[in-house]
């Protein structure tokens, strides 16, 4: 019976797939196909291609068992947050659509032209809207309330009211110089093997790594001035301001080839080619590499927005807010922020690990059980090959122990501050406590970075030249993180990573029970912290051991160039090659272009180059590979330069990093020194605080260096925590005038409120938790008679009743819950990674050759009958205005004598599931994939 049921389902699905496309094509031939329909058809096919590739990726991830390969771990670390994923998918559909239109138009006209030359602006707007891109190109609506001026939005939007998208999450990285693409729009540098730069091809990035960058783990020069914590802070802060998601699919859109299995350049695959003599024994010819997702409205899509005659080359998206706002702690989207908060606490706390403690102190929580398990498993559990990763404001918190340590430290600091602020202000709501603690933590991130970290990287002279003292908010300064900063300049820190993870005992000596680990032994390994003595041994190692010094002939060690993200012996990755390839993927201009941008002289000859790079052997190797100084990749050129005095970068990176930091500071309306953000008393207290004080307050350490970034010897260079100054939170105590008649406001179930002032009056702004909607007045004002209205109510939203934007995919059943919903799958299906789509669990019975044969016979007969009917209807049918075979995907075509019908994809029905795609609004389905049932 089970086999019969499977056969029946197979036949019904086959008939449906065959019948409806033929009927649809018959109607088109009868009445003609309007231009809008042709555009819609291309969009449907593009959605199918993108979603099929994404679906194949999801299925592969679901079925994979065992330890993840380095490439899979890299993909996991670059996995976009759901909101970013929606935007990336929309951009990929947009780009695929335009490429298909290009092929159609060029085939019809027999000449190369852009599809925007052949389509009306109305149709271009339809393409932009139907792809889902258009909403992300429009400026957000900025609330004009007292609350909007008190706390920064989690997305960073509306920081600048004249330019509300500046610095916001999920917007394009800024360009300080135009990109260099081989086709002028999108193709990376090095995409076409025959493309020449100054008469020479670019060298393969792996060759550059092997001959210029890589050194043995044993060849490490220690920094005699700075601790390993300086390196860790740089990486942590980089993750606060920049994250460029990779393509949402790990398979090529044109045919579904797995990017981990192909060595051809097929978007989004841009593999790193390996020289024959350096290939592993298995004979792998390349290392997998995925292109960064394009920002909506750029590259081939660019002509659809703004001036149609102006090219808008491919840009890359920053999934985080650009601002120094502690998004590493709180996230950059409302959805992630909700996940991170403890909603049962009246103290505005963040969630912590429910079971494990570090001598009574909190650990980060694990990701939800439904999320992909990509980290190393707990030791000693038989049969386990993967385990959960930590949940934090940035998804890379589990990459290396030093990052995990800082994420854990700031989680504890938030909860410490929140509890103390609640004790001072018992009348504050949970949301008010949370927002005030978040505000303080964000200010501390800004202070430690600009006061303590950046001057040591740039040196005092360059810091004064490029950053200088704070002179107030500048509404003309664009704080958006630049592409060259994120992709090249701030990656200088990779050359300061030590190959060993050092863990020290209470006397700051090598721990007898916790020996040092090679870095590759600690990648994505939460249990290095949880079962490795907790946070204290790692913090001691970061404080008391030196960073690796960036030396011109010792740039990066083997842990990063040969063993990156290695949890098994299956394969490897190379961070240096990834950095070089990423710069080419993003179209970054060459080294000399950036020197000219910074007012530095161009280096045209070997003698010129030797003035910037003291090591003659390194300079010679670089020129031998690149042939011309203009061809040098900017990351390598900046990395190899001589240090400025008392700095840890050369002149080019000092310029680029300094310009970026000044923009982040001066262009931030919520910068801690701006007069409206804190009171004078609060600013004075914040200035007293330091990273050493944060360590004292949140670990078991009792002695620390006065300056956490300065390496020193224990005990002579360490101070008692009692002598490390910190802020006094009394400056945050809130009092009300004696004549106040409003008193403390009433609490609202499943909601919250915060105080602010408007025109000298106390104001309450209410909000409901996710999954609830507010009924009543959102804002109450204190008058002489009391509050002007009764508090509102928060009512549960039935998300499952939203027919226009269902929360679950059509393959799943939606069940409403209090404050949320559940997507349920019938056995033997299970939820995919998105939590909304049902996919094959691998337990489905497989269709036999008999059922397949019967299905084929039925399809053939049924299709033939339908074809005959349609051809008779359309004996005098109209001719299609656009040619067929636009996708190259082998779509079958129906031919009736001399007439040709526009072919339909066999997956048309599945593509129709995606027609009502989310425009990116909160709560909509973020992964509308082809049906699995």
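One-based numbering along the chain as shown.
Note: Cβ is positioned from N, Cα and C throughout, glycine not excepted.
If you check Swiss-Prot, you get these features:
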type     : residues                : note
BINDING  : 240, 321, 323, 325, 327 : Ca(2+) binding site
DISULFID : 142-158                 : disulfide bond
DISULFID : 259-269                 : disulfide bond
DISULFID : 263-286                 : disulfide bond
DISULFID : 598-655                 : disulfide bond
DISULFID : 696-721                 : disulfide bond
DISULFID : 800-814                 : disulfide bond
DISULFID : 808-823                 : disulfide bond
DISULFID : 825-838                 : disulfide bond
DOMAIN   : 740-795                 : domain 'Sushi'
DOMAIN   : 796-839                 : domain 'EGF-like'
CARBOHYD : 129                     : N-linked glycosylation site
CARBOHYD : 307                     : N-linked glycosylation site
CARBOHYD : 342                     : N-linked glycosylation site
CARBOHYD : 569                     : N-linked glycosylation site
SIGNAL   : 1-18                    : signal peptide
SITE     : 396                     : site 'Transition state stabilizer'
TRANSMEM : 847-871                 : transmembrane segment
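Note: the Ca(2+) site is recorded as 240, 321, 323, 325, 327; in the same chain, 156, 241, 320, 322, 324, 326, 328, 332, 442 also have Cβ atoms within 8 Å of that site's Cβ centroid. All protein chains shown were included, and the count of other CB atoms within 10 Å of the CB of residue 325 (Ca(2+) binding site) stands at 31. Counting every protein chain shown, the Cβ of residue 321 (Ca(2+) binding site) has 33 other Cβ atoms within 10 Å. Around the Cβ of residue 696 (disulfide bond), 21 further Cβ atoms fall within 10 Å across all displayed protein chains. Residue environment of residue 327 (Ca(2+) binding site) contains 28 other Cβ atoms, counted within 10 Å of its Cβ in all protein chains. Each of the disulfide-bonded residues 814, 825, 838 was scored by the number of other CB atoms within 10 Å of its CB, and the largest score is that of 838. Of all the disulfide-bonded residues listed here (655, 721), the one with the fewest other CB atoms within 10 A of its own CB is 721.
Nearest neighbour of residue 598 (disulfide bond) by Cα distance, taken over the recorded positions 142, 323, 342, 814: 323. Sequence-distant neighbours of residue 240 (Ca(2+) binding site) (same chain, 6+ apart, CB under 8 A from its CB) are 320, 324, 325, 326, 327, 328, 394, 445. Residue 323 (Ca(2+) binding site) has its Cα within 10 Å of the Cα of none of the disulfide-bonded residues 259, 269, 286, 696, 808, 823. Fewest Cβ neighbours within 10 Å among the disulfide-bonded residues 158, 259, 598, 823: this applies to 598. Using residue 838 (disulfide bond) as the reference Cα, a 10 A cut-off selects 808, 823 from the recorded positions 321, 396, 800, 808, 814, 823.
The DSSP breakdown of the domain 'Sushi' (740-795), given as helix, strand and coil counts, is 0 helix, 30 strand, 26 coil. The two recorded residues, residue 129 (N-linked glycosylation site) and residue 142 (disulfide bond), have Cα atoms 22 Å apart. In the three-state DSSP assignment, the secondary structure recorded for residue 838 (disulfide bond) is strand. Ranking the recorded positions 129, 269, 808 by C-beta neighbours within 10 Å puts 269 at the top. Confidence annotation: the domain 'Sushi' (740-795) carries a mean pLDDT of 88 in the model.
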